[in-house]
Amino acid sequence: MAASRPSRSVSARDISIGCERLDGAGSWDTLEWTKIEPVTRSVSHANFEFLLEAERVLDEGHGVVLVNTDEAGTLFVTNFRLLFLSDGTRNIVPLGTIPLATIEKFNKMVVKFQSTSRNTNKSSSRRLLQIIDHICLGHKLLSDSIDMETVMDLMASLHLAGKDMRIIVFCFRPRTKQRRAIFDALSRCTKPERIWDLYAFTCGPSKFSNLSPKVRLLNEYFRLLGKGFHHASMRMIEDGSFTMSNDSWRISDINFNYSLCQSYPFALLVPKCVGDDEIIQASNFRARSRVPAVSWCNPETGAVLARSSQPLVGIMNTRSTADEKLVAALCAQLIDEKDSRRKLYIADARPRKNALANGAMGGGSESSSNYFQSEIVFFGIDNIHAMRESFARFRDYLDTHGAASSDGMSSFLRHGGWTWGGGNLSSMSASVSTLGDSGWLIHVQSVLAGSAWIAARVALESAAVLVHC
């Protein structure tokens, strides 16, 4: 085994990461649930003290190098996380350990050595050879005279991008199938075939154990209707006897076969005074047929939180009588015996200008004059494209304004360090400016402020709030 060395990063000046994807990328957003095999295989001999309750090892790779810290160890894929164990200390390395649900994407890459470095930068070559020595555990120390082109054929890496901003790179031993095994295990575990294969449902007792999502949804509806003493079952779903109601709300089976809206559940909680025919008419006025439907209600105060998609008003300001009736019914219930009318807030998460721009494409936003007792509020949250761009700039910021690395580069991600902006006033001012330019904190502020505002309207005013976009 190679001797332990101080942690340091691998600079782009020494190696370049080829962008060729060998077998595609896996992620929570791109992998198809239906094409992933269920997780059934487990390493029988793995009974390690560092595992959590009900956590089990599904695959492992030995002699793996965490390139971020230049450290050799063993990489485990469990039903909960990707776990890196140092060969030197036998401790878990936090930077190389990440829960499966925190992995944004991962892919296999080819590591290529820059040919000019072999002749012009011998120190870089020696540093790279030390890394290769880590990978070739059990072999003698490689020398500077080795043919780099031959060596680099052995360098295969796995790159992971975390939702927590981490960029993690692992390199694997030559002439083994360990990287393939780890990659395949990640592909299976990050997109399990059944929800019950998720660690959250196996780490302890659960009152929802072995219940289908449809049954759990109905039980939640029964609770909201004040009928918690009823218990849903698959038989109840099959014979259609789940369409219960109270004085204000009812469970509709109009979307039982997902013919109304493919992205809504099979059962919808809607106002009792609105019939299914009117719901069908209202669906034609909402993008992707996402009609206003109740997500949560307070059985005691009658406060309602509902969701929908944007209305299809277009540039002609089209109206829909069925949609207006359905939305108005969300606040039809009186607040108290004094006939106090319930306020209706329509919370459009977009900036006002975005809503107006969508009107030119057939979408748009509601007009308070068309919806009884209503007030339209725009939260100013940018669209998903602006979010992705801002997130990328934020990640670049973290990778730039961190602890200085041994090769003169600065990288928070490679070291997990916490030195901010180099420690002097000038660099810290530049750091703050760069962070502000990313726009990420503004997005977070907008989302949190909008959420708090909705919660206050529901809790303090017993209002009805319809949220979309």
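Just so it is clear, glycine is given a Cβ too, placed from its N, Cα and C backbone atoms.
The following features are taken from TrEMBL:
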ACT_SITE  Cys469  active site, phosphocysteine intermediate
BINDING   Asn383, Ile384  substrate binding site
DOMAIN    229-469  domain 'Myotubularin phosphatase'
- line: If you tally other C-beta atoms within 10 angstroms for each of the recorded positions Ile384, Cys469, the top scorer is Cys469
- line: Counting across all protein chains, other CB atoms within 10 angstroms of the CB of Asn383 (substrate binding site) number 13
Task: Measure from the CA atom of Asn383 (substrate binding site) to the CA atom of Cys469 (active site, phosphocysteine intermediate) and give the result in Å, rounded to a whole number.
output: 9
Query: Mean pLDDT for the domain 'Myotubularin phosphatase' (229-469), as a whole number?
result: 86
